[in-house]
Amino acid sequence: MILNSSTEDGIKRIQDDCPKAGRHNYIFIMIPTLYSIIFVVGLFGNSLVVIVIYFYMKLKTVASVFLLNLALADLCFLLTLPLWAVYTAMEYRWPFGNYLCKIASGSVSFNLYASVFLLTCLSIDRYLAIVHPMKSRLRRTMLVAKVTCIIIWLLAGLASLPTIIHRNVFFIENTNITVCAFHYESQNSTLPVGLGLTKNILGFLFPFLIILTSYTLIWKTLKKAYEIQKNKPRKDDIFKIILAIVLFFFFSWVPHQIFTFMDVLIQLGLIRDCKIEDIVDTAMPITICLAYFNNCLNPPFYGFLGKKFKKYFLQLLKYIPPKAKSHSNLSTKMSTLSYRPSENGNSSTKKPAPCTEVE
């Protein structure tokens, strides 16, 4: 727990009750290395996604709009990752000033909410395209997708405002270091509880339930279609993809959400054990690496589910320029089959039909 002491030169001076918590040599070596790997891999992968979707595929589908925005949100976060790598390598000494502390912290929070919201919308879009392909045609338009993305960016920015406002540079007197951190006044318990619960519920629980429900309904619909076609290998492939999407999201974010909640309890003074605080402070950067590495891999992962995305990706690697006119659409293995009403208009008689393009 950190206690307030005084304010000098515009920087609040505080005391740290557990000054050694989370400060281990292997953390100062391992975490910057992982941050560097995430930065290189994420910058490369997400940049290629932006180039392929915008210049090669011409941004013609709803799914491509969500994927493009997902990649852009990741790139915004990745640009601040070198700051966190330096910060950790310098044993949690922040040399970049208060403004960059706020910007970098806000970027992390913004990416969390924007990415999760976009993945949720992408799962809803897949649900509508596969389970209700005819009914959703008029609703799944490019205009609706673009407006939805604007709303998501605004909501993510709004959810990140408390982080930007309350994350500051502090000087810890008993360790003689300057940190970029949250600091809650002991008499104000509303703020940390609100931030923690918002991150847990709005940034994970609700989106996960929507994603789980969407892909469960998608699986049931495709399962019926494959049973009619007696295509068991294809059914198994789709099941593995859906299972991977849901499990990757869950296990990537659950550790970070758990330790975020524990960190709030520490800041509130409800946990006053330095051993527990050491565990939390040590685990937190590891869970951050896990969560945001998965985040930065999401756009390439979802993109490579489409055959045409892979085709244009290979063209890009071979330095083949995009054509002036393209009629390509982003496709995914999960949208290979959908239910369409039979020609006789009997809604109770349905047959599986190919639906390879995400519209």
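The backbone N, Cα and C atoms fix where each Cβ goes, glycine too.
Worth saying up front: this structure is predicted, and the values here are computed from it rather than measured.
According to Swiss-Prot, the feature topological domain 'Extracellular' maps to 1-25, 90-98, 166-190, 269-278, an assignment based on similarity to another entry. The annotation N-linked glycosylation site is assigned in Swiss-Prot to N4, N176, N188 on the grounds of sequence analysis. The feature angiotensin II binding site is assigned by Swiss-Prot to Q15, D17, R167, F182, H183, Y184, K199, with similarity to another entry given as support. What Swiss-Prot lists as disulfide bond is C18-C274, C101-C180. Annotated transmembrane segment per Swiss-Prot: 26-55, 62-89, 99-125, 142-165, 191-216, 240-268, 279-304, in sequence order, evidence recorded as similarity to another entry. According to Swiss-Prot, the topological domain 'Cytoplasmic' annotation covers 56-61, 126-141, 217-239, 305-359. Feature annotation from Swiss-Prot assigns region 'Disordered' to 335-359. Residues or ranges marked as compositional bias 'Polar residues' by Swiss-Prot: 335-350.
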Residue from R167, H183, K199 whose C-alpha is spatially nearest that of C18 (disulfide bond), among the binding-site residues: H183
Beyond the flanks of the transmembrane segment (62-89) by at least 6 residues, Cβ under 8 Å: 27-29, 31-32, 35-36, 38-39, 42-43, 46-47, 49-50, 53-54, 95-96, 100, 103-104, 107-108, 110-111, 114-115, 118-119, 121-122, 125-126, 129, 140-142, 144-146, 149, 152-153, 156, 180, 285, 292, 295-296, 298-299, 302-303, 329-330, 332, 358-359
Q15, D17, R167, K199, C274 filtered to the recorded positions whose C-alpha is within 10 Å of C180 (disulfide bond): R167
DSSP state at C274 (disulfide bond), helix/strand/coil: helix
Minimum Cα separation from R167 (angiotensin II binding site), reported as the residue among recorded positions C101, N176, C274 that achieves it: C101
Neighbours of D17 (angiotensin II binding site) among the recorded positions C101, N176, C274 (Cα to Cα, within 10 Å): C274
Distant-in-sequence neighbours of the transmembrane segment (99-125), which means Cβ under 8 A and at least six residues beyond its ends: 62-63, 66-67, 69-70, 73-74, 76-77, 79-80, 83-84, 140, 145, 148-149, 152-153, 155-157, 159-161, 163-165, 167-169, 180, 199, 202-204, 207, 210-211, 214-215, 249, 253, 291-292, 295, 298, 302, 358
DSSP residue counts for the topological domain 'Cytoplasmic' (56-61), split into helix, strand and coil: 1 helix, 0 strand, 5 coil
Listed binding-site residues (R167, H183), ranked by Cβ neighbours within 10 Å, top entry: R167
